[in-house]
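Below: the structure, in structure tokens.
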Amino acid sequence: MENPIHLLEEILDESPIHFYKLRRYLPIWLHRFIPIGGGKPDDEHGKTLFGFTVFLLSESIVFLSFFFTYIALRLTTPNWLPPGVSGPELSGFTIFNTLVLLSSSIVIQLAENALKRRKIRRFRLLWLITSAMGTYFLIAQAIEWSQLNFRLTTGLVGGTFYVLTGFHGLHVLVGVLLQILMVIRSFIRGNYNKGHFGVSATTLFWHFVDGIWVILFSLLYIW
Amino acid sequence: MTNNSIEDMGRASESEKPNWRDYLGFSKDHKVIGVQYMVTTFIFFLFGGLLAMIIRGELVTPESNLVDRSLYNGLFTLHGTVMIFLWIIPFMAGLANYLVPLMIGARDMAFPLLNAIAFWIIPPAGILLLSSFLLPGGPAQAGWWSYPPISLQNLSDKLVNGQFIWILSVILLGISSILGGINFITTIVWMRAPGMTFFRMPIFVWTVLSAQMLQLFCLPSLTGALILLFFDLSFGTNFFKSSQNGDPIIYQHLFWFYSHPAVYVMALPAFGIFSEILPAFSRNPLFGYRSVAIASFGIAIVSTFVWVHHMFTSATPDWMRILFMASSMLVAIPTGVKVFAWTATVWNGRLHLLTPVLFALGGVVMFIFGGVTGVMLSSVPFDIHVNNTYFVVGHFHYVVHNTITMAIFAAIYFWFPKITGKMYAEGWGKVHFLLTFIGANLTFFPMHALGLQGMLRRVSSYDPRYQGWNVIVSVGAFLLGMATLPFIANMISSLLQGSKASDNPWHATGLEWKTSSPPPKENFEEIPVVNEPPYHYNDRSEPTPEAVIQE
Ligand code: HEM
Ligand SMILES: [Cu+2]
């Protein structure tokens, strides 16, 4: 690592966005960081998945702090909805979107199972359906946001609603991006003995995002 | 790098030792990263110390005449923030980065790339924070707790203000800590050498594991609080604005739910350091190894349900005060176990008073004092009396400075030969210790008296009757500041021209001493197999550390 250019190269070699000789390195990078395929998960796989699970546990505490804030504020505020605000109401549209998101958890699990049995085509199909469902949810949420009759700064209801759903939506977005990355990866021939950490992690992440939504949905719409 | 096959990409030539340029660049070697952490955070420590010197300069006289009040507020806010988030916590992360893989017989951390990223977040976040001195309205002024509503007063009416920068940097530093935490826990759980069972791990590894679990489960609560504070400050939401039905007390809960355990994120590795050094210099196995290991976990667990003792005067209902008073006092049990174990270790052994052990013993003694004032503070009536006074400042500085910073110095001297392959100058080490010990007590002991007499903290001017003690405190503080000079000189000159250290100068047990000094790129020629517990200092025929120094 003699000069800054070398350093830059080294960083770029390792970075997810490989501008430099992208076509040559992308497959190598994907091999190293997102091993895919069936077979027995080896130690590397278990270790990485463990690290990812620990990350999710920690991530859930951020959500927990938001839930705590929401519950505490809501319990102590006499007029939760300021005059003229009808709040996020439970509509058929919201219920439908929730159902789409929750069932995508089942689809993604089926996809991962398909991959474990090395049914790559089936995996790709189900996986793409999941990302379509996730994308649909994001678009639906944007539509819902645009139709609400309160804003971020409206009392406590506005702040809590937009910050909580926004933070969750950010996670959905990351999930969808991860899914797209995995599909691209699945088109590159892989070393199938290295497990499929990327896919397992994305699946886990997706279940996590869905689980959080169940809590959010109950707090924001049903309570 | 260009023609290598996929398998070779991570592994460079194995015999190569890092040269100085590697320390300035993006390395994935845990040892290089560890040193990068330690050196960077030490520079921030010097900055934080400089701020403290200005604060103490202001407090020599009762009037506010050196700096104006808003600058004074900025000074103590950034002093606290730098010392906690840019010195102790990341220094411990750096030390653990260096030591943990060596101590458990691993070639590296579990995720080397993540490790490098976690480090490289710190310098920009720190510079960002310090640069807020240059902003029109100055840096954040709400103290290191940043309680609303004070933290929500936008002093410059600009979107980018001191508080904004403060929140941003602390969130960034938090992300770095979370990445580190994931890495440490995974490394310790998955990468131990054959035979290294949990109950054969050195106590330092136990304390890192406990501390990092606290980071993972408590720090996100601070991140959550800061995100909400950020929205309140910059985007007009109302979470913590009581005028808009929001609740500033919620912020306090979320803040202390992390920041109380955070004191153990800092203190636990310090306990680990004591547990490594005291046996080595007493030539005696650590007394009650298992109880000390379990006590580390005990401390971590208890510390997550005591946070309300920082909020006894925050309109906290009585039943809650009593509950948290009791839980706070529980901490004394596992910490007592540890103190007892150290005492017994030293008691039974033949102590060799070299610099590392001087700092370690000094740290333990002052921790006993800081722990006692802590238990005093957790008693509600007493806390109400001294809350927000210099008594609290005295208490936590006995712990964060006199215990933990001293432990850090102990660690630096102890592992300096391993890290650099050179020996430090023992005489100058002792000078450094003496100045530090005297300076530290002169600075922080009178604060308790000031607090009991009622002097409030965070004030730039005070009643003239408090001046006597304040002058002593300031003199102590300047002495303490000067004490770092022999340390810096010693480190630099020893690094450049110190005598060559052997692989195990202290004749210590522990895997890190079984490899060369400094260790090769992948730590061990061959991964060691472990078949006995740590601290087996029973062989009385071995040369003692003192004999080694005199050679
Ligand atoms: C182990 C290392 C410890 C560290 C690093 C530490 C650090 C601190 C810090 C930084 C503060 C001040 C926070 C602030 O208001 O800015 C503080 C306050 C306090 N500490 Fe400790 N402490 C330690 C041990 C203890 C123990 C063992 C106890 C009790 C058993 C304790 C009880 C308290 C209480 C009750 C306060 C609040 C005082 C008040 O604000 O009125 N501490 N400590
Ligand atoms: Cu506390």
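The chain as shown is numbered from 1 upward.
Backbone N, Cα and C define each Cβ position, glycine as well.
Whatever TrEMBL says is automated annotation, not expert-curated.
The feature domain 'Cytochrome oxidase subunit I profile' is assigned by TrEMBL to B:14-531.
Annotation comment: TrEMBL describes B:37-55 (among others) as transmembrane segment.
Taken from TrEMBL, the feature transmembrane segment applies to B:75-100 (among others).
The transmembrane segment annotation in TrEMBL covers B:112-135 (among others).
The transmembrane segment feature in TrEMBL is assigned to B:164-191 (among others). Same-chain neighbours of the transmembrane segment (B:164-191): 77, 81, 85-86, 89-90, 93, 96-97, 100-101, 104, 106, 109-111, 114-115, 117-119, 121-122, 124-126, 128-129, 131-132, 135, 139-140, 146, 201, 205, 208-209, 212-213, 215-216, 219-220, 222-223, 226-227, 229-230, 233-234, counting only residues six or more beyond its ends whose CB sits under 8 Å from a CB of the stretch.
Residues or ranges marked as transmembrane segment in TrEMBL: B:203-230 (among others).
Outside the transmembrane segment (B:250-274) by six or more residues, the chain places 84, 88-89, 92, 95-96, 145-148, 202-208, 210-212, 214-215, 218-222, 224-225, 228-229, 239-240, 296, 299-300, 303-304, 306-311, 314, 338, 342, 360, 363-364, 367, 396, 399-400, 403-404, 407-408, 410-411, 414 with a CB less than 8 A from a CB of the stretch. As annotated by TrEMBL, transmembrane segment applies to B:250-274 (among others).
Here TrEMBL flags B:286-307 (among others) as transmembrane segment.
The transmembrane segment annotation in TrEMBL covers B:319-341 (among others).
Per TrEMBL, the feature transmembrane segment maps to B:353-376 (among others). Listed as Cβ neighbours of the transmembrane segment (B:353-376) (distance under 8 Å, sequence separation of 6 or more from its ends, same chain) are residues 270, 273-274, 277-278, 281, 328-329, 331-332, 335, 339, 342-343, 346, 382, 391, 394-396, 398-399, 402-404, 406-407, 409-411, 413-414, 424, 426, 429-430, 432-433, 436-437, 440-441, 448, 545-546, 549.
Under 8 Å from some Cβ of the transmembrane segment (B:396-416) lie the Cβ atoms of residues 38, 83-84, 87-88, 91-92, 95, 98-99, 263, 266-267, 269-271, 273-274, 276-277, 280, 354-360, 362-364, 366-367, 369-371, 373-374, 422-424, 429, 432-433, 436, 440-441, 443-444, 447, 487, 491, 494, 506, 512, all in the same chain and six or more residues away from its ends. Among the features that TrEMBL reports, transmembrane segment is placed at B:396-416 (among others).
The annotation transmembrane segment is assigned in TrEMBL to B:428-449 (among others).
As annotated by TrEMBL, transmembrane segment applies to B:469-492 (among others).
Annotation comment: TrEMBL describes B:507-551 as region 'Disordered'.
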Of B:37-55, B:75-100, B:203-230, B:286-307, whichever stretch has the most CB pairs under 8 A to the transmembrane segment (B:469-492): B:37-55
Cβ contacts the transmembrane segment (B:112-135)/the transmembrane segment (B:286-307), at least three under 8 Å, sequence gap 6 or more: no
Residue numbers, six or more beyond the limits of the transmembrane segment (B:37-55), whose CB comes under 8 Å of its CB atoms: 23, 66-67, 72, 75-76, 78-79, 82-83, 86-87, 90-91, 93-95, 97-98, 119, 122-123, 126, 130, 412, 477-478, 481, 484
Long-range environment of the transmembrane segment (B:286-307) - Cβ separation under 8 angstroms, sequence gap at least 6: 198-199, 201, 203, 206-207, 209-211, 213-214, 217-218, 253, 256-257, 259-261, 263-264, 268, 271-272, 275, 278-279, 324, 327-328, 330-331, 333-335, 337-338, 340-342, 344-345, 348, 378, 533-535
